[in-house]
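Taken straight from TrEMBL:
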{"type": "DOMAIN", "residues": "11-278", "note": "domain 'Homogentisate 1,2-dioxygenase N-terminal'"}
{"type": "DOMAIN", "residues": "279-430", "note": "domain 'Homogentisate 1,2-dioxygenase C-terminal'"}
{"type": "ACT_SITE", "residues": "HIS291", "note": "active site, proton acceptor"}
{"type": "BINDING", "residues": "HIS334, GLU340, HIS370", "note": "Fe cation binding site"}
{"type": "BINDING", "residues": "TYR349, HIS370", "note": "homogentisate binding site"}
Amino acid sequence: MEKPTSTIPLLSGYGSYFETEAIVGAIPKGQNNPQKCPFGLYAEQLSGSAFTMPREKNLRTWLYRILPSVKHGKVVAAPEEAPFLTEGTNLTPERLRWKPLDYSLFEKSTDFIQGLVTVGTQGDPTSRDGVAVHLYVANSSMENKCFFNSDGDWLIVPQEGGLRVQTELGLLPLHPGHIAVIPRGVKFRVELLDEKARGYICEVYTGHFELPDLGLIGSNGLAAPRDFHYPVAYYEEKEVPFTVIQKYGGQLFRFSLDHSPFDVVGWHGNYAPFIYDLSRFCPVNSVLYDHMDPSIFTVLTCKSSVPGLAVVDFVIFPPRWMTQEHTFRPPYFHRNCMTEYMGLIRGIYDAKAEGFVPGGASLHSMMSAHGPDATTFEKASHMELSPSRIGEESLAFMFETSRVLKLTDWALDPKHLDVHYIECWQSLKKLASLSLNKVD
Ligand SMILES: [Fe+2]
């Protein structure tokens, strides 16, 4: 398996404490905040956890930059920056499926922030508890403009189009089949590497994304820490007007700078954005019979305070071998106390014969019945079982959350929905013939 192809240098190792300098000597030796920093840089700490969190949960990074972040203009409300980034207010337990986000939704030039569309939200970012699902489309790069989110971490899942993400801590390449996590507070801008781009975003107001515990699986398998890549320090010294967009309490604000905020010459710490190539995921599964719960495919989790209960899990369904004997191999019919938002990056998902297309999505909310469609049930009930690879060209994913999503008006607009979705189960037939046991 090849490493991610990129000329951008990256650091490896989930949860590591990194130290990186674009100019040798930019990081002070022996202390974090000396009376005078090397080269006349300013020292600034970015805290991703409360100061007093236990050591294993304590997240912070020291930045050594040309100008401190505090030097910026007046903050003003800016809801027009992303008109479809809204709070969800509608509830329905109906099973829903969406068509891919239409690129023509925005007729003019649209960058990554302008092209944000919220599907649903739950909780309150001002109490730092909850989750949100957004989509994005873009056909232009962010020029002299950046964004940061005070409300939580963003897990970005590109579906079409490569991105070059410039963050305060350095550059990250991001392509379909990879994911990025941009932690709360980190400024970034998105350049398009292709004509257009589209994808999904899971936002957590609660805590941070982390690797799941492996329990009885042992010390190997699923996503390996060494396959997570972090940026090296990369700075630009530009005295140009710059616009910063801030998401704060679910609302957008704007302020100006007279210089590029990407002026961090060196940094050290364990709070930083990262990318991960989903093809590196090492799946485990049943090797004799029955279908395991999808939690076996968890890449990252955002834990709640209840052991084993995630605020949200990020789960993928990668290409893999299916070997189970005398088993209905597609996902089983089920009702779940969690809420499942699924997306498709490429290919065909094995539980749906048609209708669930790349760029589209489905939502099966708490206790709403779902499962394979009638065509898939029929086929999988009669197929001859032998070891076989599935999902060869396919990559589906799920945001599985313990929260109930309130949907936006955009999400419930029939224009964006596959309004015939629930028909996929209506031709399921009664198969049992129990007349001998009938009670008169
Ligand atoms: Fe499900």
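Using the three backbone atoms N, Cα and C, a Cβ is placed for every residue, glycine included.
Remark: TYR349 (homogentisate binding site) has PHE317, MET342, PHE356, GLY391, SER394, ALA396 as non-local neighbours, by Cβ distance under 8 Å and separation of at least 6 in sequence. Neighbour density for GLU340 (Fe cation binding site): within 10 A of its CB lie 20 other CB atoms from the protein chains shown. Apart from HIS334, GLU340, HIS370, the Fe cation site neighbourhood in this chain, defined by C-beta within 8 angstroms of the site C-beta centre, holds PRO331, ARG335, ASN336, HIS364, SER368, ALA369, GLY371. Cβ contacts within 10 Å of HIS334 (Fe cation binding site), excluding its own Cβ and spanning all protein chains shown: 13. Spacing of HIS334 (Fe cation binding site) relative to HIS291 (active site, proton acceptor) is 12 Å (Cα to Cα, whole number). Mapped onto three states, the DSSP output places HIS291 (active site, proton acceptor) in coil.
Here the recorded positions are HIS291, HIS370; the one with the fewest Cβ atoms within 10 Å of its Cβ is HIS291. Confidence in the domain 'Homogentisate 1,2-dioxygenase N-terminal' (11-278), given as mean pLDDT, stands at 96. Here the Cα atom of GLU340 (Fe cation binding site) is found 18 Å from that of HIS291 (active site, proton acceptor).
A gap of 16 Å separates the Cα atoms of the residue listed as 'active site, proton acceptor' and HIS370 (Fe cation binding site).
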